[in-house]
Structure formats: C-alpha cells, structure tokens
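There's a structure below that I have some questions on.
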C-alpha cells in the first residue's frame with residue numbers, strides 16, 4: 001500500500017531526472033517511442049509510471065505496449081477497504097469511501113485501507129431535517145432513510161421524498177352519506193350537507209358520519225318568495241309558484257325563486273241575488289249596494305270590498321226596516337239568503353287577499369276574522385269578542401289544492417232578529433237527553449238564542465263531514481240551569497224545500513257554564529247556542545212493573561213450552577221443531593232484555609248486548625215467518641200433513657233461513673254502522689241515521705208476509721169446510737187450523753205494530769197496550785201451542801198419572817216397611 005506523501009516522490013524525481021535524461025539521450029540515447037504514463041529507461045526500454053502497467057510488466061521494450069491504469073479495486077481487489085465502505089479506483093491510484101448513508105467518524109471523505117475505516121451510519125433525518133418534503137415523515141434506516149406520508153397524503157412516484165395530497169372525493173375513498181357531498185382539503189376531506197339540506201337532529205356537519213335531510217324552506221320561513229306566490233319545497237331547494245288564480249307579472253316566470261305575480265282581472269265578485277218572493281224595500285236597497293260592489297270590484301281592491309260588504313250587512317241587520325214586518329217564515333228565508341250569500345262572496349273575494357291574518361269590523365258589531373295562509377301542519381285559531389274557533393289546518397286545505405287556503409269566522413249579532421222563533425229540530429238521541437228519562441214523553445220545545453250567530457267558511461268547500469271536528473267557544477248571556485231547560489249547540493240547516501231551521505245534527509256540547517259554552521261540530525255552517533225550554537210528561541211507574549212481571553211470566557211459560565216440545569217424543573214433528581226454535585229465541589231475547597238492557601256503563605259491552613238483542617229478536621221474527629209458511633203449506637195439504645212434501649221442504653229450509661237471515665242482516669248492520677249499537681240510556685239500536693230501520697224494516701216485511709199467509713190460509717180453510725164430509729176427525733183438524741191461523745196472526749207480529757204507533761195523543765194508550773200484550777207473548781204461545789192442543793194435554797195427563805202412580809207406590813212401600821218394622825220389634829226384644 002502506498003501513502004499520500006510517498007506518491008509525490010516519484011514525481012519529484014522525474015522532474016529532477018529530466019535534464020539528466022536529456023543529457024543521457026544525448027550521450028547514451030533514449031527510446032523515443034515510450035507511450036504516455038511511462039518513462040524512458042534507455043534506448044530500448046520504457047517503464048510504466050506508478051499505478052500503471054503494461055502487458056509485459058512494469059518495464060517493457062516493445063513499442064506496441066501501452067501503460068494502462070491498475071484497478072486496485074478489482075476484481076479481484078488488490079486492496080481491502082473494510083465493511084460499510086467501497087473502493088473507488090482513480091487514474092494511477094485509488095481511495096476508499098464509506099458506502100452511501102455512512103461516513104467516517106473524522107469527517108474525512110476518503111481513506112486508503114481497512115485500518116483507517118471508521119465508517120458509521122449517517123442519520124439523514126437529523127442531518128437534513130427537510131429531506132422529506134411536504135409534510136413527509138423521515139425515518140432513518142441502516143445506510144439510508146425512508147419518507148412516510150401522513151393520512152391523506154401519498155408519496156409522489158416521481159420523487160419519493162415528496163408527499164402529495166390524496167383527493168378522497170375523486171378517488172372514491174370517502175364514506176360520505178349520499179345526502180352530503182365530499183369537500184377535499186389538505187390531508188383529508190369533509191362530508192358537508194348539500195345546499196338546501198341540513199344535518200339531521202344529533203348529526204354534526206362535516207365529519208364522516210354526517211347525515212343530512214332536506215331543509216323545508218317553506219315551512220321554516222327561510223325562503224324569499226314574494227307574498228304573491230306560494231313557496232313549494234323541493235329536494236334541496238324550493239320554488240315560488242303563483243297563488244291560486246294569480247298569474248306571473250310581465251317579465252317574470254312562474255316557479256322561479258324571483259317569481260312575482262298579480263291578481264288577474266277575471267277574478268270576479270260572485271253573483272248574489274235576493275231571495276225570490278220576498279217584498280222588502282230595505283232588502284232591495286241592500287242588494288242595490290251589493291250590485292255596485294259587484295260592478296266596481298277589482299282584485300287589487302279586495303280588502304276595501306270586504307270592508308264595505310261587512311259594513312252594508314251590519315247596517316241592514318242593525319236597522320232591518322220593513323223586514324221586521326215580514327212573517328217569521330219569510331224572515332228565516334231572508335236570513336238563509338244572507339248567510340249563504342255572504343259565505344260565497346267572502347270565500348271568493350278573500351282569494352285575492354295577501355297572506356296573513358286579517359280583521360274587519362263594523363260599527364254595530366258585525367266582525368270578520370280571516371286568515372290566508374299556505375299549507376301547514378298546525379292548529380288554526382280565529383277569535384272575536386264573543387266567539388273563538390279552533391280547527392286543524394288540514395281541514396282547511398283540501399288535498400290536491402295549490403296555493404294558500406282561506407278560513408274565515410264571521411259574527412253577525414243582528415242575525416238573531418231575523419231568526420226569531422225559528423224551529424228547532426232535535427235528533428232522537430238529543431230528545432232522550434232533553435228530558436233525561438228515556439221513558440218520559442216530550443210534549444213541546446221552545447228555544448231562546450243565547451249567543452251571536454257565527455258563520456264559518458273556507459276555501460275547501462267539502463265541509464259536510466270533516467276529517468277532524470271543529471271546536472267553538474261561545475260567550476253568551478247567562479244561561480239558567482233549571483229543570484226543563486237545556487243548552488244546545490245548533491247550526492242553521494236549510495234546503496231547497498224550506499227556508500231553514502236550527503238543528504243539532506253533528507254538533508255536541510263539550511262543556512257548558514253560565515256564560516260560556518264549548519261545542520264541537522263535524523261540519524261547517526252557521527252556528528249558535530240555544531237554550532231550549534221543554535215540557536215532559538212524568539215517567540209512568542206502572543209500565544216498568546208490567547214489563548218485568550209480564551216478561552217473568554213469559555219466561556216461565558216459554559221454558560215450560562220448550563221442555564214440552566223437547567221431552568215429549570210422541571208429539572215431535574216439523575211443526576213442534578219450528579215451535580221449539582221460536583221458543584228458544586224468544587226466551588233468550590226476553591232473558592237478555594231483563595238482565596242487560598240498562599247495562600250502559602261499558603260502551604263496548606252495551607254494543608254487544610244491543611247486537612245480541614237485535615239478532616235474537618230478528619231470529620224470533622224469522623221463525624215466526626217460517627211458522628206462517630208452514631201453517632199455509634199444511635192447510636194447502638190438509639189431508640196429507642205427515643206424508644206430503646211439506647215436511648221435507650221445511651226441514652231443508654228452516655235452519656238456514658231461521659238463523660242465516662238474521663245473521664246476514666246483523667252482520668251488514670254491524671259492518672256499516674257498528675257505532676250505532678247502544679245509546680246513552682239503553683243497550684238497543686240508536687235511532688240516529690235511521691238505524692232503527694235495520695230492525696223495523698225486516699219486522700214490517702215479515703208481518704206483511706205473515707198477513708198474506710193468514711189470508712190465504714183462511715181462504716183455503718173456507719173451501720175445505722164447505723167440501724168436507726161428515727168425517728169428525730177431519731172437521732176437528734180443520735177447525736183447529738183455523739183457530740191457529742187467527743192466533744198466529746195475533747202472536748206473530750200484531751203486538752209489535754203497537755210499538756210503532758206510539759205517537760200523537762194516543763201514544764200513552766198504545767204504550768200500555770204494547771207493554772201488556774208484548775210482555776205476555778210467552779203466555780199466549782204456551783196457551784195456544786200447549787194447553788189448547790189435545791195431543792199435548794193427553795201427554796200432560798200421562799205425566800200426571802205417572803207421577804201419581806209413582807207417588808202411590810212410594811207410599812205403599814213406605815207403609816209396608818213400617819209394618820215389617822213393627823212386627824220385628826217384639827222379636828228383637830225377646
């Protein structure tokens with residue numbers, strides 16, 4: 001191995017020997033062909049410089065030789081640099097260098113041999129803190145380093161020291177919900193709600209878990225729609241649409257965010273004409289003024305038109321003039337015309353009003369509260385001095401309608417003058433409530449108007465059966481709570497055939513105090529609070545006694561008759577089978593009536609009892625019909641009663657008809673109007689909506705058919721009697737059939753007709769007749785079918801004889817036993 005300073009020595013010697021060489025050439029000669037990197041030895045040989053060699057060695061004599069660099073680093077290596085170092089050949093020499101990532105402890109860059117090797121790892125991360133660019137994280141390794149990128153970054157393939165941002169939004173590496181959109185940022189991303197959306201309750205706006213929902217700008221008031229338009233929410237946005245009946249202004253388009261609309265000139269004041277046949281100068285003057293308002297109406301002046309109309313109505317009712325001289329019936333017609341006309345005009349003209357609540361007042365007390373609003377999900381309350389109305393907005397806004405809706409409450413205190421002595425029509429159920437006792441008889445009703453008359457109108461014209469009831473709170477004159485006085489919530493009902501009357505249909509009193517009454521109604525019209533005075537006949541205490549005693553006897557007789565037909569085998573045939581089914585149905589119906597007719601505490605139970613009574617009584621009447629049919633067929637086939645087709649026909653028909661027909665009627669009634677089973681005072685059919693005819697209709701039909709059977713039976717028997725021979729048995733059978741036909745008509749329906757005839761002056765008498773005869777129906781049946789039947793009497797005789805014989809044998813056995821006992825006593829003593 002060579003050292004740094006010794007390498008300089010050959011060079012210096014060469015410089016010193018040059019003059020000598022030149023002299024020697026001159027003297028001894030030197031080869032002129034020596035190649036580069038060599039020196040002349042003599043005239044025939046050359047020597048390669050240190051670090052170079054030729055093929056022949058260090059000294060050569062051929063002019064074709066050249067001196068080439070000796071590669072000390074090999075292969076094979078001529079020197080050893082040691083571990084973590086690399087040999088670097090140089091022209092004429094070499095040096096050792098630490099491998100990349102390593103350096104000498106001295107700080108030098110080269111060394112000559114392994115003994116000088118002090119290479120150790122270089123920490124590039126400390127040496128060059130910014131070796132990893134753009135947020136890269138440097139990690140030192142043996143002899144090198146690596147750059148790692150934080151989340152949201154990745155290494156640049158062109159420069160492994162450079163970290164570049166990952167765009168998660170375009171790469172599909174984000175889990176954002178579809179209700180959000182991805183926003184890329186340096187090193188990450190956000191899930192932000194889309195425009196027009198908002199985070200759902202409990203969800204933040206930005207993190208990966210963000211979930212959004214549409215913002216209803218319309219209901220939240222976060223829209224910029226002009227008052228002439230209606231806000232319509234869309235997914236992520238909204239539109240502004242012209243109100244119903246309006247049109248966009250010039251240079252504007254409908255359904256845009258900046259839409260502005262105007263009222264079209266064709267929105268008209270509806271035609272309103274006076275009632276026909278009414279002669280009144282005061283009314284004529286009023287309608288002349290109405291025609292002026294109609295002629296001058298412009299949608300832009302809707303507010304002024306409504307105010308003028310309210311004032312005109314107010315003045316008419318304050319000073320009615322010659323209207324007061326009209327008969328009450330004609331005054332009622334005028335009131336109906338005013339109420340209906342006002343409702344129509346105000347409904348139409350209000351469509352031109354801007355959104356918002358409005359109030360109109362007149363000097364004499366006529367007031368109008370109006371609300372024009374978009375569709376909402378809230379309660380609406382309109383108030384005046386003496387009345388308040390509360391309803392749900394979905395009642396006002398008809399499904400499918402566009403634009404805002406209108407609801408108005410009009411109070412007309414002066415309308416009571418025209419409605420004086422107006423008739424009051426009470427529902428049957430309200431009549432029962434009036435007199436408080438279901439057995440009392442209502443004699444007469446007179447009414448007094450306590451409150452102002454209010455009218456309700458809305459843009460939705462379908463108001464006959466509202467989805468939810470409307471609540472009214474009336475403040476009125478003090479009501480006297482005495483017997484024979486009752487407060488009612490009423491509305492003004494009119495038709496084409498009559499001018500109108502007060503009615504309670506669909507309205508109920510929720511609460512009533514001395515000066516305030518709360519009502520609920522399922523329809524809209526003109527409403528008021530009436531106090532009705534009535535006379536009630538005192539309840540007759542004798543009728544319940546007759547009912548319970550008579551039904552008790554009937555139950556006993558029905559039970560005896562049923563046991564007779566069930567246990568007596570000798571008399572059983574088709575006729576007795578019909579009798580037995582009739583007796584069972586009547587027995588169960590009377591028993592249920594006695595035990596449960598007043599069980600009204602639990603409404604569901606009361607409805608079930610009413611349905612059971614409905615079924616049992618209808619089944620009784622159906623079996624009565626089959627009795628009449630069988631009697632008619634028997635009379636027609638008098639001579640072959642037991643061998644004709646009558647028996648077979650009745651056996652096939654009686655059970656399906658007897659129990660199937662009433663089942664069908666009750667099933668249809670319960671499916672259509674189940675809520676009408678049971679009243680407040682009785683577990684029977686509610687007379688509302690003519691539901692009672694689901695019982696009376698079949699009863700009347702059966703009675704009519706039985707009457708026909710009776711007449712035809714009499715006609716057949718009459719012809720039989722005229723053609724009979726002297727056969728005594730046939731004559732007796734025919735007479736018995738004639739008697740049964742007469743009794744059948746009386747039992748099978750005539751008594752029930754008396755119940756329908758309980759009206760007018762004879763109602764009290766009819767009530768007694770119906771109660772007595774109907775409650776003793778079981779007694780009549782036992783008398784006709786058992787006691788007056790020779791076969792049954794004979795069977796009863798056999799039973800009694802058997803009972804006496806059994807009793808006699810029992811007594812004989814007892815006496816014999818005693819005699820034997822007396823004989824044995826002395827023997828036992830002995």
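Placed from the backbone N, Cα and C atoms, the Cβ positions cover glycine too.
These figures come from a predicted structure and were not determined experimentally.
Residues or ranges marked as disulfide bond by Swiss-Prot: 30-40, 34-46, 48-67, 73-87, 81-96, 125-138, 132-147, 176-191, 218-231, 225-240, 489-519, 507-521 (among others). Residues or ranges marked as domain 'EGF-like 2' by Swiss-Prot on the basis of sequence analysis: 121-159. Marked as domain 'EGF-like 3' by Swiss-Prot: 165-203. The domain 'EGF-like 4' annotation in Swiss-Prot covers 214-253. If you look up Swiss-Prot, you'll see 489-537 marked as region 'GPS'. Summarising the annotation, Swiss-Prot assigns topological domain 'Extracellular' to 23-540, 598-603, 673-690. Swiss-Prot lists 562-576, 625-651, 712-744, 789-830 with the feature topological domain 'Cytoplasmic'. If you look up Swiss-Prot, you'll see 541-561, 577-597, 604-624, 652-672, 691-711, 745-765, 768-788 marked as transmembrane segment, on the strength of sequence analysis.
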Over all shown protein chains, what is the count of other CB atoms within 10 A of the CB belonging to residue 176 (disulfide bond)?
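For residue 176 (disulfide bond), the 10 Å Cβ neighbour count is 20.
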Compute the C-alpha separation of residue 96 (disulfide bond) from residue 191 (disulfide bond), stating it in Å without decimals.
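With the alpha carbons as reference points, the distance is 58 Å.
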Just jot down the residues in the same chain as residue 521 (disulfide bond), at least 6 apart in sequence, with C-beta under 8 A of its C-beta; none if empty.
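Result: 469, 470, 472, 489, 491, 506, 507, 508, 527.
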Secondary structure at residue 218 (disulfide bond) (DSSP, helix/strand/coil)?
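Reduced to three states, the DSSP call for residue 218 (disulfide bond) is helix.
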Under DSSP, is residue 87 (disulfide bond) part of a helix or a strand, or is it coil?
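Reduced to three states, the DSSP call for residue 87 (disulfide bond) is strand.
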With the transmembrane segment (768-788) as the reference, find which of 541-561, 577-597, 604-624, 652-672, 691-711 contributes the most Cβ pairs under 8 Å.
541-561
Nearest by CA distance to residue 519 (disulfide bond): which of the disulfide-bonded residues is it, out of 48, 67, 125?
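Considering only the listed disulfide-bonded residues, the nearest one is 125.
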How many whole Å apart are the CA atoms of residue 34 (disulfide bond) and residue 191 (disulfide bond)?
83
May I ask for the residues of the chain that lie six or more residues beyond the transmembrane segment (541-561) and have a Cβ under 8 Å from a Cβ within it?
439, 579, 583, 586-587, 590-591, 593-594, 767-768, 771-772, 774-779, 781-783, 785-786
Please work out which residue of 30, 34, 40, 132 has the most C-beta neighbours within 10 angstroms of its C-beta, and give that one of the disulfide-bonded residues.
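Sorting the candidates by Cβ neighbours within 10 Å, the top entry is 132.
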Distance between residue 138 (disulfide bond) and residue 176 (disulfide bond) at the Cα atoms, whole Å?
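Distance between the two Cα atoms comes out at 32 Å.
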Go ahead and report the DSSP secondary structure tallies for the domain 'EGF-like 3' (165-203): helix first, then strand, then coil.
4 helix, 16 strand, 19 coil
